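Asker: Okay, these came from TrEMBL:
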ACT_SITE  CYS69  active site
ACT_SITE  CYS69  active site, proton donor
ACT_SITE  CYS192  active site, proton acceptor
BINDING   ASN11, ASN60, GLY70, ASN71, ASN164, GLU182, ARG183, GLY193, THR194  substrate binding site
Amino acid sequence: MMIAKYSASGNDFVLFHSFIARDRSELARTLCDRQSGVGADGLIVLVPHAEHDFEWQFYNSDGSTAEMCGNGSRACAHYAYSNGLAPANMTFLTEAGVIGAEVEGDMVQSDLTPPKILRDDIVAGGKKWWLLDTGVPHLVTFDADMDNFDLVEARALRFEHNANVNIASVNSDGSIRVRTYERGVEDETLACGTGMAACFYRANREELVGDKAEVYPKSGETLYLGLEEGTITFKGLVKKTFETVLDVK
Ligand SMILES: N[C@H](CCC[C@H](N)C(=O)O)C(=O)O
């Protein structure tokens, strides 16, 4: 089976397509292992869908499934278009709902599911946190000192709230820096799309930024976020690192 390895702003994925949806949790753990496998933050498998261009199965590197993945959706759209599985402007089904995506060269925009504020009253570690849903759950706090990301504290909050954990800082020019501890990877990743979306949305709701912002994850790449009629648009470059034949199914 041909598999592809992609990086979307540093968040990296193994992808392939299949006619059959099956439990691939064990395969995800095997392929995503950075010592004995290909190495990735997640596995994405595209399968046929009667109404949309395709449906996907998304697995974190620990084999857990997740309803949505912002960076994965951008890599997946590029993979689908490059392999003739979908037009440049496509829709596909995730457990979070239908995602629209548009491919322009290596620049891909995903339209995420409508963001929800689940809680805005959490206090932990002397910080005020919001819990938001941008396809998956995210805790968000603002902290000017981005070096102040305590991964031990983040891990505890991740399990207490079963959510990804983000710290963000709004720059004077309205751009946002974000660091994310990712559920299911159980570590900080170089980028987390739904996490950047959650940080952007809180900053927008608190009038710290307007309806558009550049967001910089740990990888330092530039992502373009927007809020259009209640939908968060998420745009940035993706890179196909390599493709190869592997005995997977
Ligand atoms: N680890 C997340 C899913 C992937 C999210 C992230 N990679 C993104 O780009 O949105 C979770 O289990 O909630």
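Every residue, even glycine, has its Cβ placed from backbone N, Cα and C.
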Asker: Work through the binding-site residues one by one (ASN11, ASN164, THR194) and point out the residue whose CB has the fewest other CB atoms within 10 angstroms.
Answerer: ASN164
Asker: Have a look at the recorded positions (GLY70, ARG183, CYS192) and report the one with the fewest Cβ neighbours inside 10 Å.
Answerer: ARG183
Asker: Between ASN164 (substrate binding site) and CYS192 (active site, proton acceptor), what is the CA-CA distance rounded to a whole number of Å?
Answerer: 9
Asker: For the recorded substrate site formed by ASN11, ASN60, GLY70, ASN71, ASN164, GLU182, ARG183, GLY193, THR194, name the remaining residues of the chain with Cβ within 8 Å of the site's Cβ center, in chain order.
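Answerer: Those within range, site residues removed, are ASP41, GLY42, ALA66, CYS69, GLY72, VAL136, THR180, VAL185, THR189, ALA191, CYS192, GLY195.
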Asker: In which DSSP state, out of helix, strand and coil, do we find CYS69 (active site)?
Answerer: coil
Asker: Taking the Cα atoms as reference points, how far is CYS192 (active site, proton acceptor) from GLY70 (substrate binding site) in Å?
Answerer: 7
Asker: What number of additional C-beta atoms lies within 10 angstroms of the C-beta atom of CYS69 (active site)?
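Answerer: Within a 10 Å radius of the Cβ of CYS69 (active site) lie 31 other Cβ atoms.
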Asker: Between the Cα atoms of ARG183 (substrate binding site) and CYS69 (active site), find the distance and write it as a whole number of Å.
Answerer: 11
Asker: Please state whether DSSP places THR194 (substrate binding site) in a helix, a strand or coil.
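Answerer: For THR194 (substrate binding site) - judged by DSSP and reduced to three states - the answer is helix.
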Asker: What kind of secondary structure is ASN164 (substrate binding site) part of, going by DSSP in three states?
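Answerer: Going by the DSSP assignment, ASN164 (substrate binding site) falls within a strand, counted as strand.
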Asker: With substrate as the bound species and ASN11, ASN60, GLY70, ASN71, ASN164, GLU182, ARG183, GLY193, THR194 as its recorded binding residues, calculate the greatest Cα-Cα distance and give it in Å as a whole number.
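Answerer: About 14 Å separates the two most distant Cα atoms.
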Asker: Under DSSP, is ASN11 (substrate binding site) part of a helix or a strand, or is it coil?
Answerer: strand
